[in-house]
Amino acid sequence: MADILLLDNIDSFTYNLVDQLRSSGHRVVIYRNHIAADNIIERLQQLEQPVLMLSPGPGTPAQAGCMPELLQRLQGQLPMIGICLGHQAIIEAYGGHVGQAGEILHGKASAIEHDGQGMFAGMPNPLPVARYHSLVGSNLPAELTVNARFGEMVMAVRHDAHRVCGYQFHPESILTTHGARLLEQTLAWALA
């Protein structure tokens, strides 16, 4: 069971994540991204098995309140999982680029190809997932492993040594057929 601090980037999917995580027995506390990074770091230090989860949200990572600062200050110190905007923020924090995707997708199912490793172990390949995004990561640094793609688009990354990963898609959406299992396997990987 993980102690998850979920950074809410003011997105309606945040509470889908909360419900799914709590129904799996995880402890979840939620902080909005306008809270000072110092306050969030202090709260994380009080948790027994802390995981920082970065929610989806509108706009770009730079517009997401304290999220970029948290990523800079906490890299390598605790597991972090980013979803959609959170994934994009991870890519930028590690030196990658986030820009306009070739197509805008909101509420569309796509079949992604993955490497079958870590959080994707035992998952169907291709894996149907829900996509809601107009931005996509590119020019990734070598320390980020791309572990899922849709065509040439990066759909998931991980940093094994730092226990950091991100999903461009939404595992909490009903359109992601194995989303609950993927979140559980992700948390197990993050805390290993």
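Every residue gets a Cβ built from N, Cα and C, even glycine.
Since this is a predicted model, take the numbers as computed values, not measurements.
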Note: Swiss-Prot has Gly57, Pro58, Gly59, Ser134, Leu135 binding L-glutamine, and from Gln20, Gln88, Gln185 that site also includes Gln88
Excluding its own, the Cβ atoms lying within 10 Å of the Cβ of Gly57 (L-glutamine binding site) add up to 26
So around the L-glutamine site, Gly57, Pro58, Gly59, Gln88, Ser134, Leu135 aside, which residues have their CB within 8 A of the centroid of those CB atoms?
-> Pro56, Thr60, Pro61, Gln63, Cys84, Leu85, His133
All chains considered, the count of other Cβ atoms within 10 Å of the Cβ of Ser134 (L-glutamine binding site) is 12
